[in-house]
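A.B. asks: Pasting a structure here, questions to come.
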Amino acid sequence: MGSRIKQNPETTFEVYVEVAYPRTGGTLSDPEVQRQFPEDYSDQEVLQTLTKFCFPFYVDSLTVSQVGQNFTFVLTDIDSKQRFGFCRLSSGAKSCFCILSYLPWFEVFYKLLNILADYTTKRQENQWNELLETLHKLPIPDPGVSVHLSVHSYFTVPDTRELPSIPENRNLTEYFVAVDVNNMLHLYASMLYERRILIICSKLSTLTACIHGSAAMLYPMYWQHVYIPVLPPHLLDYCCAPMPYLIGIHLSLMEKVRNMALDDVVILNVDTNTLETPFDDLQSLPNDVISSLKNRLKKVSTTTGDGVARAFLKAQAAFFGSYRNALKIEPEEPITFCEEAFVSHYRSGAMRQFLQNATQLQLFKQFIDGRLDLLNSGEGFSDVFEEEINMGEYAGSDKLYHQWLSTVRKGSGAILNTVKTKANPAMKTVYKFAKDHAKMGIKEVKNRLKQKDIAENGCAPTPEEQLPKTAPSPLVEAKDPKLREDRRPITVHFGQVRPPRPHVVKRPKSNIAVEGRRTSVPSPEQPQPYRTLRESDSAEGDEAESPEQQVRKSTGPVPAPPDRAASIDLLEDVFSNLDMEAALQPLGQAKSLEDLRAPKDLREQPGTFDYQRLDLGGSERSRGVTVALKLTHPYNKLWSLGQDDMAIPSKPPAASPEKPSALLGNSLALPRRPQNRDSILNPSDKEEVPTPTLGSITIPRPQGRKTPELGIVPPPPIPRPAKLQAAGAALGDVSERLQTDRDRRAALSPGLLPGVVPQGPTELLQPLSPGPGAAGTSSDALLALLDPLSTAWSGSTLPSRPATPNVATPFTPQFSFPPAGTPTPFPQPPLNPFVPSMPAAPPTLPLVSTPAGPFGAPPASLGPAFASGLLLSSAGFCAPHRSQPNLSALSMPNLFGQMPMGTHTSPLQPLGPPAVAPSRIRTLPLARSSARAAETKQGLALRPGDPPLLPPRPPQGLEPTLQPSAPQQARDPFEDLLQKTKQDVSPSPALAPAPDSVEQLRKQWETFE
């Protein structure tokens, strides 16, 4: 590759000498060798040359005290290989210690010279001999190996294949400190054009460091012309040589050099940091490459490490990285390089002009010849330059490089035959070369895409896997866009149930999965297309597999990103109690809530119940995944079925956190009809209504808590009077009360419907017409519902629900659902973890459970307030487009005294038996004999634009049923308030007109008169 470094020297160093000026008669003569090792070294020509290079300055110069201590010169042997002379000047520059070696170990030999100088000063001859003998007999160690020469002398072998770094590399460090960026760029351009270059400095260590450092920036190319890091006085005529050179001159010799005829010489003065050049080499280079290089060098982050060297390496790759596209590969023929193809590849005029000149440069020719020699000899090569080309894709080299590999594959028959017969080592090298670079290219591109994906999503893939998995082949994923879509980062999936997967995983076309890790790498025989990191894992197998692959093979907890670790740890008890059949599908990974869409045709989706999809027949808004509960009580098995914990209609009182399910009675069923997600939501309510399945989240519980606690995602900021946050606050004026009720309209969840219906399969779909002709028993039940002062409601205890009759109570209004068009529902586990699943329900009926309330046998401490409304998923059925009944929270000291104050707008808490409100916004507090009337809670209010859920007015004969009972003689404390607001209360125009007597009766009932 044009390197002038000898690859396998026989010894670590050739000779060690101590050179000094002998004093004869008070005058200085030529320097002489005072001592040498080994003593039998017989190359007198080398020894004479060493003595002159050890003092490359005028000894009687005034600047002799500034020469510094360590410097390096270079001697070229007959094979054009460089031998480095590492020197250390003594104080006063009268003597010099020098080691001549083929190894460019600058820091190592500088350290050894200091030790040897110390031994010489202290006259420790034994240590001096022992150190030199050990070093001279030492076999050349491998890079990175620590070598111990004596008790106090050891070193680590440097790796010359790596990029030089700051401050480890002494030459690059001094060069970067001494020369500014602009002069470095000018010097770099002059070296690319192979100019005659002189570098001047008054300090020898800095001078030689600048020469070696600037030449190292040409990697992977090497300066092929005259190379003299420090020029001795007897060779000053080299400055007039017509060929290109790179020479360093001490400042004491520069005055004589100025008197020479120097034509077209680039001079860099390091002391003054100035550069003189008659050429416009920097301006003639492609501007985009130079601008990028300049920006990288000026960044503070590149001042340490290999940033400076890598910046120049990127520039070299941008200039010459497409050389591989010009390689001509023919079967049974040596690989050659086509200069025309190399130049014509680029469209830019500046780049074409530069490359046309570059093909004539000696350093580029030596580089190409070195690469071709390695390929044709069968050795091959792989270095940081090739890695940079693969990673950077400079000048479209990635695409053309794979075209080159395709060309290799087209002649695969001849190549494979050649490899098998081992007749042509060049073809065998091409095969290995192409395979190695295919591996390198895939790895580097995926690493770049991985970094880009992490930057965009803010989350890395899961770091480890728990079970062996069968990874689908990339070709299967490329053909199946659904698989590719499903393999998104877990940050996108989290919070949404995935659509069902096929139960049988497609078998990979190639055996690329072993113990759950992808180990196959694209080869020239079987190319694999580039895929983003979301579609494929790393070829090395050290990146994590996608979460979907883990879900397919395991019914255990799904691994989550590191930031979710705390929440996922809480799932161990939930999933450990799963009791599923083998036929059930694995739980699909969750998606984000933005991707929720209602099914277009719900009849096409089969109603199969498993814990992967909870509601195949309804909208996806009713789905949920338990993500943050760790249950330690016996009811965790009900929660582990995958039901959304956000849909629990009630919170058990703190006095009895673990009531047995026997106290809560049986669960009840309600017919559900499919509807789209927007059928019962106004546009203004879609963002503000905290529905249990969309707006609610679950707060992760502390480990010590036993009962679940619900959290509500706060709606957009709404002005809310402070009196709503206290139970016993004063009412305030009428306008404030009305404004408060308007502000609370958004809190009414359309999915919160009170009441229950019979469980019989025949009565589930029986309609109850709300038309004007409805009367009789249905009217009696609905009219009884309108009476908030019913004795059954005001009683402290409620009768148990009969086991056999399927008759609705006066407090459980039936809902009219037309029997036609109702799809076949399917069972669903109860939403309340404390209520067992309904065992006798038909398999095609949806179960939306509710606390048993008045129909069970609640403890006396619970009171009638546990007759909570049935909580429905807002997207689970098609209710008529009408408002829901107002739920008035009554004064239940034994229950509401324990409820948190922040839950007064939550649709999740029990609100007692319902009371139907008029069309205007109004809250009907009920006067009770209890002295705690001040603790009355505010109920949920209706929207004024929606008609109330009211039946038609009853006949005149039924009017006495609306008359209030005994409590009407007691003066209502809110009578004055309601009298003032009576003019605002009017029946909704959507209702059928009723007689005046009914109107008066209704107003009389509303005002408790």
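Heads up, the Cβ atoms here are built off N, Cα and C, so glycines get one too.
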A.B. asks: In Swiss-Prot, which of the ranges 149-158, 429-438, 569-578, 639-648 has the motif 'Clathrin box' annotation?
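C.D. replies: Motif 'Clathrin box', as annotated by Swiss-Prot, spans 569-578.
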A.B. asks: Can you dig out which of the ranges 86-90, 326-330, 381-385 Swiss-Prot describes as motif 'FXDXF motif'?
C.D. replies: 381-385
A.B. asks: For which of T302, T519, T740, T905 does Swiss-Prot record the feature phosphothreonine?
C.D. replies: T519
A.B. asks: May I ask you to name which of S146, S348, S592, S735 Swiss-Prot has annotated as phosphoserine?
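C.D. replies: Checked Swiss-Prot: the phosphoserine annotation sits on S592.
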A.B. asks: If I take every residue in the domain 'uDENN' (13-145) and average their pLDDT values, what number comes out?
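C.D. replies: On average, pLDDT over the domain 'uDENN' (13-145) sits at 86.
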